[in-house]
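**Q** Not my notes, these are from Swiss-Prot:
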type: COMPBIAS; residues: 722-739; note: compositional bias 'Polar residues'
type: COMPBIAS; residues: 772-791; note: compositional bias 'Acidic residues'
type: COMPBIAS; residues: 792-809; note: compositional bias 'Low complexity'
type: MOD_RES; residues: 693; note: phosphoserine
type: MOD_RES; residues: 698; note: phosphoserine
type: MOD_RES; residues: 724; note: phosphoserine
type: MOD_RES; residues: 726; note: phosphoserine
type: REGION; residues: 708-739; note: region 'Disordered'
type: REGION; residues: 763-809; note: region 'Disordered'
type: REPEAT; residues: 37-76; note: repeat 'HEAT 1'
type: REPEAT; residues: 112-151; note: repeat 'HEAT 2'
type: REPEAT; residues: 153-186; note: repeat 'HEAT 3'
type: REPEAT; residues: 187-224; note: repeat 'HEAT 4'
type: REPEAT; residues: 524-561; note: repeat 'HEAT 5'
């Protein structure tokens with residue numbers, strides 16, 4: 001009775017499992033939305049039931065629901081309450097469930113260390129599993145637990161798995177070094193360094209990729225570790241992971257600066273014995289018009305190894321290669337490579353806006369140092385209306401650095417389109433206006449052309465205050481360079497002060513300041529400008545009011561100097577003492593007093609303090625000091641500082657640090673302590689020889705010539721004659737040698753079945769059954785049938801005899 005009940009219960013459980021599996025399959029066929037709806041309807045009580053289920057699919061559904069709650073920061077269910085139910089499933093054979101439990105432990109392992117220790121035993125057992133993926137998962141799970149008590153266990157595990165036959169596991173060992181170093185670098189510094197040295201001597205490029213990450217993160221200052229691996233890393237850099245390539249290039253740049261001699265620049269233009277000098281510390285400072293660079297062979301090896309990375313899809317790799325050429329090569333060498341083209345191509349092809357802005361900043365940085373690098377790609381930096389604002393601003397700044405006599409017409413036309421078009425944001429228009437000043441600085445003719453276009457466009461269009469401010473600032477800067485040749489422009493600026501009432505405070509203050517600067521050249525128009533400004537003094541902005549005060553003081557100072565000069569000349573002719581300046585009778589002095597009176601009661605404390613300072617100077621009669629302060633010539637604003645916006649006037653700190661020029665080491669030793677070359681190849685460690693089996697992937701990798709293509713097509717695909725012979729059957733392509741030296745041969749089906757021994761057939765015994773009948777009629781009918789049977793039996797007997805004779809033979 002008990003057995004029957006047990007059989008019925010097991011049958012019901014089996015039916016339940018089959019039903020749930022069928023439901024899960026049906027749900028998966030309905031699509032992701034159906035599964036999401038099912039997952040969201042799992043309540044807390046069902047989570048406990050699913051986690052305690054013996055069905056791995058139900059446990060997986062529960063873990064997926066828990067991870068989704070953790071990712072969405074859903075506060076409706078406290079997933080930490082299921083810690084014990086989750087941890088006990090660590091012994092499952094389902095790899096996906098183990099990965100989900102690993103993610104759960106990352107979040108909550110520190111909150112309950114006692115329960116976390118329950119999973120340690122299972123993870124340690126997985127470290128000895130035959131599946132390399134499970135070993136890798138176990139090591140990753142152990143090293144990710146942020147518990148100080150586990151550090152010795154992890155260190156012991158890392159030391160054990162550093163010689164694992166699987167490259168994936170050894171790569172995970174390198175990542176575990178990073179986690180241990182962050183947890184307690186002072187406690188395990190030497191042990192981790194020894195393990196890293198073993199990983200750096202590995203023969204597998206995948207392990208080297210992970211080891212480079214650990215080296216860059218933990219021991220980047222120990223450049224001496226690269227001595228025995230420098231040349232090998234240069235040769236295998238194309239086989240590494242893209243991010244590891246970037247880190248390795250940065251490390252090798254520092255190594256070259258520290259342990260390789262500085263390149264020598266040889267002058268080819270001089271006659272007789274050629275002159276030479278070390279490569280300058282700053283970029284593009286070589287004085288020779290024609291030169292060649294002599295590099296150390298190891299430096300040439302590193303620079304040539306970068307050529308295989310030109311077509312890398314990772315923008316960071318391209319930037320790192322450009323930085324290597326910027327740090328270690330001459331401008332001519334950098335120009336002759338294809339990395340400038342690759343950098344421009346990466347900018348145009350990438351869709352990630354963060355990467356594009358970073359690349360544009362790098363191009364702008366390099367174009368400031370040497371504009372000839374990017375002159376062939378000027379049109380690649382034209383702005384499109386759909387470009388983001390920051391990327392558009394960087395493109396315009398790059399265009400401004402590329403302006404010269406040969407392309408100024410095209411760039412000026414393009415900048416005018418950005419300014420006049422309504423498709424571009426205001427920030428882009430302002431930057432385009434500021435970049436026009438670079439066109440005006442090429443020559444006097446372009447200076448007049450730019451200012452004329454700006455004034456005409458300003459008078460014919462209704463511009464916003466910020467754009468109008470940019471117009472005025474550009475015109476003011478260009479006029480200040482040569483005011484005598486632009487008097488007509490100056491008169492128009494004077495009219496703008498009264499006509500354009502919407503001018504921003506900064507723009508109006510700039511125009512007023514400009515009249516104070518040209519007072520020594522064209523003094524006659526300045527008093528009339530001051531007279532107009534006094535009438536609306538109280539309605540002006542604080543910057544404009546301050547500049548009106550300074551303008552009135554400057555005009556009074558110039559008027560006093562002109563009066564003294566005229567009186568000194570007249571008194572010398574008449575031999576009389578020069579009279580004093582009449583402040584009460586001078587119209588300029590009266591305007592100065594009016595402005596001074598208004599400024600003393602201004603709301604801005606800066607204007608009040610400045611008014612008291614200026615009045616004290618004039619009241620003391622120290623006019624020479626006043627002239628020295630107010631009439632001193634001001635330096636012309638530099639365009640490099642002017643065209644950049646307030647937000648992007650400098651590059652980001654990351655770009656500055658990335659392109660920071662490293663100094664060369666002058667004390668270099670090429671010989672080690674034993675007298676050998678310090679870069680002599682170190683002893684490598686090949687752990688693949690410990691493998692006890694081989695896979696189809698390894699066979700195909702070692703027999704790459706095996707193909708279904710004909711020998712006539714082999715040459716078209718780059719296969720040599722020997723490979724084509726092996727394809728056609730002449731070569732020994734069916735042989736394979738394992739890591740431990742044992743040879744195998746791939747057999748065909750006929751060869752495989754030919755090894756099966758032939759089985760001999762046994763003789764069969766034939767039994768004849770004869771039925772008798774009492775009916776005479778039936779006897780007659782059966783006689784004929786008996787005859788037939790007799791003939792058949794005789795044939796069967798003869799055949800059996802034949803077979804028996806065959807067996808006897």
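Heads up, the Cβ atoms here are built off N, Cα and C, so glycines get one too.
What does the local environment look like for each feature on the list?
**A** Residue counts for the repeat 'HEAT 2' (112-151) under DSSP, split into helix (H, G, I), strand (E, B) and coil, are 30 helix, 0 strand, 10 coil.
Mean model confidence of the repeat 'HEAT 3' (153-186) amounts to 91 (pLDDT, 0 to 100 scale).
According to DSSP, the secondary structure content of the repeat 'HEAT 4' (187-224) in residues is 28 helix, 1 strand, 9 coil.
Same-chain residues lying 6 or more positions outside the repeat 'HEAT 5' (524-561) and placing a CB less than 8 Å from one of its CB atoms are 490-491, 494, 497-498, 504-506, 508-509, 512-513, 515-516, 518, 581, 586-589, 591-592, 594-596, 598-599, 602, 604, 606-607, 610-611, 614, 618, 623, 626-627, 630-631.
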**Q** Within the repeat 'HEAT 5' (524-561), how many residues are helix, strand or coil going by DSSP?
**A** 34 helix, 0 strand, 4 coil
